[in-house]
Amino acid sequence: MLEKPLCASIECKNKAHLQCPTCVKLGKNGESFFCSQDCFKKSWGSHKAVHGDTKSPYDPFKTFKYAGPLRAVYPLSPRRTVPEEISRPDYAESGISRSELMSRGSDIKVLTPEEIEGAKKACAITREVLELAAKSIRVGMTTDELDRIVHEATIERGAYPSPLNYNYFPKSCCTSLNEVICHGIPDQRPLADGDILNIDISCFYQGFHGDTNGTYLVGNVDEAGQKLVNVTRECLEKAIAAVKPGMRYRDFGKIIEDHATKNGFSVVRAFVGHGIHQLFHCAPNVPHYANNKAIGVCKPGHIFTIEPMICEGVHQELMWPDGWTATTKDGKRSAQFEHTLLVTETGVEILT
Ligand code: MF3
Ligand code: CO
Ligand code: CO
């Protein structure tokens, strides 16, 4: 005897009598039965993904009060795979980096010359992948297509895309459009003429991470948007120019904030630059705003990022229900640039 299936609605254990008509049409039987119209309706938002119907993209956060015009466009594509022979960071399977947790509270690492060589290789790959991604930007392509390009370019070079499953992040890079400050998830949203798009690439190669990002103009961007992008790039350049042994990590913020505010922009406070080497994120913390209390002084052999996020309006953020995408609270645009930097005896070397 065939047992009646159970309702596919979460937390409902009733016997199911109804089947989703779309599933019937598509011949999909898994997860397609419901006990009632009510459960069917309640589950629709997530159930729809079962259809795998990329021709009818939908907003998974329909009732969320978005700050600006951008919407999430689901379903996300299936998780991409990394060949067995590529060495992975410790969170690749578990989602949680034990080594990063263990390192909390540790001093800033001074890398040996051999370690510096390792970090340089990872950073060179990271830069190559960012440039390749940037060159493939086209109006009408989706950010998920960009993610596929990034993923394939990364594994072709024998590297693991650091974002993939880092704290359960679902994709291989971050794509942050317009009002998204950072950590946008590549999805089915097609790029539109006039968008500004940040692509943030991180690669793990033979034990070391590299991290770099840039904001790119999609088609014709208005002058205000171009100015935002240019000033943000200048903020990073000015901060990098100040890197040398003896410089305090707390002092980069003033350089960045002075240049941003002089141009009528604000500086994001919730996300900071970070140490990076065998760990993706570690000491030091590098705030991009003035009057911060960051600990530590630049020493030869330190590797860290500076990655200012600069906004047209307010600096405060609003998190989407996906737990990752951070937009500005007022829905106005934000731009970002990032490099991984090595402190040398005499100054700085940009590794990305
Ligand atoms: N690349 C980002 C940074 O600059 C981190 C992304 S973490 C992810 O620090 F999980 F969102 F990918
Ligand atoms: Co970073
Ligand atoms: Co980054």
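Any Cβ shown, glycine's included, is placed from N, Cα and C.
Curation plays no part in TrEMBL annotations; they are all automatic predictions.
Predicted-model confidence for the domain 'C6H2-type' (4-58) is 83, expressed as mean pLDDT. TrEMBL lists 4-58 with the feature domain 'C6H2-type'.
HIS281 (protein binding site) falls outside any helix or strand according to DSSP and counts as coil. The protein binding site annotation in TrEMBL covers HIS183, HIS281.
What TrEMBL lists as Zn(2+) 3 binding site is ASP200, ASP211, GLU338. Within 10 Å of the C-beta of ASP200 (Zn(2+) 3 binding site) there are 25 other C-beta atoms, taking all protein chains into account.
Under the heading Zn(2+) 4 binding site, TrEMBL lists ASP211, HIS274, GLU307, GLU338. The Cβ of GLU307 (Zn(2+) 4 binding site) lies under 8 Å from the Cβ of ASP211, ASN213, LEU236, PHE271, GLY273, HIS288, GLN336, PHE337, GLU338, HIS339, each on the same chain and at least six residues away in sequence.
Highlighted here are the binding-site residues (HIS183, ASP200, ASP211, HIS281, GLU307) whose C-beta falls below 6 Å from ligand 2: ASP211, GLU307, in sequence order. When the Cα of HIS274 (Zn(2+) 4 binding site) is compared against those of the binding-site residues HIS183, ASP200, HIS281, the shortest separation belongs to HIS281. Under 6 Å, Cβ to nearest atom of ligand 3: this is the test, and of the binding-site residues HIS183, ASP200, ASP211, HIS274, GLU338 it is passed by ASP200, ASP211, GLU338.
On its own chain, HIS183 (protein binding site) has PHE169, CYS174, SER176, ASP200, TRP324, THR325, ALA326 as residues at least 6 apart in sequence with a Cβ closer than 8 Å to its own Cβ. Using the Cβ center of ASP200, ASP211, GLU338 for Zn(2+) 3, the list of other same-chain residues with Cβ within 8 Å runs, in sequence order, CYS174, ILE201, SER202, THR212, ASN213, THR305, GLU307, GLN336, HIS339, THR340, THR352.
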